[in-house]
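Chemist: Dropping the structure in here first, questions after.
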Amino acid sequence: GSSSSTATEQNGTRWAVLVAGSYGYQNYRHQADVCHAYQILKKGGLKDENIIVFMYDDIAFNVQNPRPGVIINKPDGPDVYEGVPKDYTGTNVTAANLYAVILGNKTALTGGSGKVLDSGPNDNIFIYYTDHGAAGIIGMPEGDYVYANDLVDVLKQKHEAKSYKDMVFYLESCESGSMFEGLLPNNISIYATTAANATENSWGTYCPGFNPGPPAGYTTCLGDLYSISWMEDCDIKDLRRETFEQQYEAVRKRTRNTTEGLGSHVTQYGNMNQANDLLFSYMGSNDNSTSYTQSESSPSLLGSIFNQRDADLLHFLVKSSKAPIGSDERHEAREELRAEVDRRKRIDDNVDQIRWRLFGRESDLKNIRPQSQSLVDDWSCFKMLVRTYEKYCGSLSDYGMQYTRVFANMCNAGVTKERMIAASTQTCS
């Protein structure tokens, strides 16, 4: 139909923010997810001026990419890289820029295209974020993590500014439920779903050596399970007729029922009434003219998914096994693998020692708090402990992020900055 009929149906503008919070070829899948999401919204009729994309942009032309300039999000899928706006790339993919974009605060931006959510009270906003995460944090390739309390505070500020009508937030990461659990109010017109509850891993998919796997030449996973589940659902459904609740059910089933009995629990937060909204009112209409075929929904028993936190190990392993024996490439991949395994062991040991120095042998700091309670009572304490650890012991990395629940529980147990500095310097200096 003409644009005027769309305007009367909605009487507002559809906006979207798409974020891939990682970098490196071993994390191909996150940027592939974001590119695919862009194509869905573009096909739905959203304009580039209303779609703001954060991605490091080191995948399409990476030397390891077997199809230079092309990114795919499923084994036989089309190129999803073409036309994707490069609003915030490289070192401009930061938490600070994301907050500035959401709040429409141009003066707070550093670098990038300058595009922000310049939205008004009749507008709908869709935010999709895919990356590594852990209890209370999601990753960024540059600068600080996105902390749960900061993200929710920004969303509350956006609501107080009356600069949207309704918002939907889709979040893919390990322990993604912890970003909203006990934090996201149900009365600020935001409906959120997360790939996992507050304590589980999320999963990469279309991984090498698994079925369905990527085409020959790919050493990395092409997508993430929750992400491809909602996007492949959009690709085949009529967005004018499907509600968020219907999509949630489809995504929940596909993300949980994997052949291995692995998978995660997709979880909903915020204003549940919005689950009755049509996808169309945020994503536009694809006129159901889909170019995708339905993915094989029953993969073979070889397994179809891989833990997000270990996907980089899989990448180095596959890379080394594909390289000719004796080649520099094989040597390099083996070195990368060994270095990553060493780094993981070092982080495990560091956290164990710090825990022991603070609490003695018997402490269990992996305790889960009751549902509906947020991760930590004092978020500034939590950030301080994470930053203190990283200052003395180095970056937690995508792998070590899993220990943030330990740091949160240290705060809940009253650990002070002084004690944390002492334990960290004794362990790591």
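Note: Cβ is positioned from N, Cα and C throughout, glycine not excepted.
Checked TrEMBL, it gives:
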type: ACT_SITE; residues: H132; note: active site
type: ACT_SITE; residues: C174; note: active site, nucleophile
type: DOMAIN; residues: 336-428; note: domain 'Legumain prodomain'
Chemist: Cα-Cα, whole number of Å: C174 (active site, nucleophile) versus H132 (active site)?
Modeler: 6
Chemist: May I ask which residues of the same chain, at least 6 positions away in sequence, place their Cβ under 8 angstroms from the Cβ of H132 (active site)?
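Modeler: Looking at Cβ-Cβ distances below 8 Å from H132 (active site), excluding near sequence neighbours, one finds G21, S22, N27, I138, G139, S173, C174, Q308, R309, D398, M401.
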Chemist: For the domain 'Legumain prodomain' (336-428), jot down how many residues DSSP puts in helix, in strand and in coil.
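Modeler: Computed counts for the domain 'Legumain prodomain' (336-428) are 67 helix, 0 strand, 26 coil.
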Chemist: Applying a 10 Å Cβ distance cut-off over all chains shown, what neighbour count does the residue listed as 'active site, nucleophile' have?
Modeler: 27
